Each structure stands twice: as C-alpha cells, then as structure tokens.
Amino acid sequence: EYIIRVQRGISMENSWQIVRRYSDFDLLNNSLQIAGLSLPLPPKKLIGNMDREFIAERQKGLQNYLNVITTNHILSNCELVKKFLDPNNYSANYTEIALQQVSMFFRSEPKWEVVEPLKDIGWRIRKKYFLMKIKNQPKERLVLSWADLGPDKYLSDKDFQCLIKLLPSCLHPYIYRVTFATANESSALLIRMFNEKGTLKDLIYKAKPKDPFLKKYCNPKKIQGLELQQIKTYGRQILEVLKFLHDKGFPYGHLHASNVMLDGDTCRLLDLENSLLGLPSFYRSYFSQFRKINTLESVDVHCFGHLLYEMTYGRPPDSVPVDSFPPAPSMAVVAVLESTLSCEACKNGMPTISRLLQMPLFSDVLLTTSEKPQFKIPTKLKEALRIAKECIEKRLIEEQKQIHQHRRLTRAQSHHGSEEERKKRKILARKKSKRSALENSEEHSVKYSNSNNSGISALPPPPPPLPPPAAPLPPASTEAPAQLSPQAVNGVSRGALLSSIQNFQKGTLRKAETCDHSAPKIG
C-alpha cells in the first residue's frame, strides 16, 4: 500500500491523504489507455516485490507516473483521475443524476425523447450530453446538455432562470442556435441541433464528434494546422461574436476549440450558458497564473490565443507563456500569437478584442453574412449580469493574488534553501565567528596587560591640574575715563590686562629658527 498526499490549489489546509495499492494504479492505467498515450507506469513484479530496495524504487516510479498525469491538461481534468485522487468528492454517478433530472423535466414536456447518452464527449465531469429526437419528427437529431452550478454562479435564482430561458431568442450568424432552454435552482438543460461534422476541434484533430473526449484529443494521430485562409476567416468570425457579446454586457469566458461549432465555412459559438451557471473555464489553470489577465474580456482574448495556436499548428502549446513560436503560414499569425501568449503579453496584459480585429491578419477579411444579430436583454437583467461579471472578476483577482504570494514565498524558501545560499551562509557564519573570536582575544589581552601594570587603572588618565593663580597685576591707570573702566573677567580686571600689554618688551623674547618651505620650487 502506498500513501498519497493530495493538495488542491495552494492552501496546505486543502489537502488529504489516500491509500492506494499497485493494483489501483494498474486499473487507472488500463482505463486511461483510451487516450492513446504511453504512460510510465512501473511494470508488475511477482517475486521479490516486498524487498525494501524494490519498494523504494517503485515508489519513485509511481510518483513519476502521477506527475505525468497531473501535468497533462486533459488527463488532469478527466473524471477517472479525479476519482482516483479525490474519491470523497467524486463518488457520485453524474450520468445517473443527469438522467434523473432530464426524466423529471420530460414528465411535463412529452414531445422529447432520449435516444442515447453521449458518454464522455465533453471534458466537464458535471456536464452530460444525450442524443435526442422529437416524437413527431423522428429523423431529426438533437443534443441535450445538462449541467449543474459552478463556483462562479452569482445570479439570483430568478435572474438565472430568466436569462437561461432568454438564450433561444439570441440570433447571431456566429452563435449556434439554442432550440430550447430551461433551468431550476440547481441546474440547466439546453437542446440544440446535432451537427454531424462536429466542432472546430474535431476538424483540427480529424475526430468523430461522438467519440470520448480523451480518445479524440489527447493524442492526435496526425498533427496538421489549418490553411491560412481558414485561420483568417474563422478567427475573424470568432472575434466578431466575442465583441458582440461584450458590447451587450454578456460575460462569456469559455472560448476553446470544442466550444466552436462548424457549419460549412462558418464558425458558431457554443455554451453561452456556462457563464450564467458559473462554471470554470477550460483554460483557467493557465490565466489564473497571470495577474494582468483579470477581466472577462482579457480572459477571452487569452483563450483566443490558445485557439489560434491550435488552428495554426494542429495542437495546443506545450506550455504558456510561449517563448518562441514555430514557423507559421504568415508572420501576421505570429504577431497575434505574440500579443496573446508571449511572456511580455502575459506580464503586461492582453490587447482588446477591437485591437485584434484591427491587426493585419483579420482586418482585410470580408464577411458575407446578411443575418442581423438580435439579443434583447431587459435593463434589469443587464444590471444583474454586470454585478455577476464583477463578482467573477473579483474572485479571479483574489485567486491570482494568492497564487502570486504563494509563488513569492516558495521562491524565497527555495532560494534560502539552495546549496549556493547554504554555502554563503556558512562562509558568513565562519567570518562572523572569526571576527568575534578576534575581538574577544583583543579584549582579553588588554585586560591581561592592565592587570600587570602595577596598579595603573585601565581608565583614561585624569585631566591635567589647573594652573596656579596669576600674580596680582598693578592697579588700573587713573588716566582712563571712568566710563571706560573695564569690568572684571574671571576675577581679573581688564585694566590689569591692558597694563600688561603696554609694559610688553620685545627684547625679552627668545630667538627662534624657522625653515620656510612656502617658496615655489622648479623641478
């Protein structure tokens, strides 16, 4: 048995321990084979598997296995891994819960019928999909999505339900139409037409829409980006719809390639309900590291950078920020990527959506749609959306602040505990010790010499004795006017001093020899 300490986020208080056997790891590994990745699980061993050295070696191997899984963005978010590491919080059967909610709804709406569950086609654990049909139109296929509430749900229940029911009225050439939407106090249910071609991510990865998320996107067999014209057109369409939503005061924050439906050569945005439900973004673990990405517009711009990278190179970036970009079909593509994913951009902040639309990559794209956008939001609900948006941004800023402080503390501790710093501290301690020893020896020698100096005190010598009193001077001259008679100074009259000066004889002075060096010398 192996003890695993798990921590969620940066707080040590939010940590726990679980006990797992090798067989548990083996079971998880077999379940993750669908991802098509080669994961470094240590091999089985039947004989000698209780030896101390073998156990230590296997412990390192299992730690490495967990490190690989938890640093993979898709694997770390999948239900299998979360249940393995946090069984207490992920023990529920979410498909069963979703079916119960959907069945309750269909009691009052008998025209819909569930064809089959679409298992694991999305990445969210608490969002489930079902293939649907209308009873009197059996050939039409629709998709029902059900999701419960997330940590950023700040709308009141009444406003939340009103806004969800408003989504079918949203008409825009680049938004995928919602056929039906409803909500209760804990979840929402939406129905859209099923698209056989799938999403933009399905196009990039040459995947089948109905396949599980892990199988479709974790390890693509062929990595190939889109053509330049596709990148320009799709990018422009996505930016146009993002600008439309932000102008309406409708928060989004959930842009990624799986949330963009493809309809011929037209991109249509999905999952507008996510921000109302308060669900976390697919890229939250990335932008929560950067304190300048602190508004929902800057979040959408950063996520657009991820999407553009995937369209260009056929895969997501290995890490963010991106130090250097591989060769692209155009330098105009690299310019947009640098403005959204580079170290400088993440440190200094994102451009606006309007600024991206003005960049050379998108400014010359002609959009041929004639459909007029419509999305009427009542003033009261607009105010509720504004307050909810501010609360979402405030929570993000607080999380970023905590991560920043934790990083500074960790860096300080790491620096303080580094080998180089240890050596420096040792050298300083030695120097201090030597200096202290030297001072002590000097003090000791002074005390020793004083003790042998026939009673002479170590105190400073006493001041010299005062001079003897001066001989009395002759009385002051009576010729001087009375008003100028000098006052006594220190017991000696000024008249006596004047008399002494008058009786001064130059001849009594001793001759002194001087050596004058003040004259200039020529070398």
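The backbone N, Cα and C atoms fix where each Cβ goes, glycine too.
The model shown is predicted, which means the values in this text are computed figures rather than measured ones.
Across the range of the compositional bias 'Basic residues' (403-414), the DSSP-based residue counts are 12 helix, 0 strand, 0 coil. The compositional bias 'Basic residues' annotation in TrEMBL covers 403-414 (among others).
Among the features that TrEMBL reports, compositional bias 'Basic residues' is placed at 423-435 (among others).
Annotated compositional bias 'Polar residues' per TrEMBL: 447-456, in sequence order.
The annotation compositional bias 'Pro residues' is assigned in TrEMBL to 459-475.
For the domain 'PX' (1-92), the DSSP counts in helix, strand and coil order read 44 helix, 12 strand, 36 coil. The domain 'PX' feature in TrEMBL is assigned to 1-92.
If you look up TrEMBL, you'll see 54-447 marked as domain 'Protein kinase'.
What TrEMBL lists as domain 'WH2' is 493-512.
Sequence annotations record features per position, and here TrEMBL assigns region 'Disordered' to 403-491.
DSSP labels the residues of the compositional bias 'Basic residues' (423-435) in these numbers: 13 helix, 0 strand, 0 coil.
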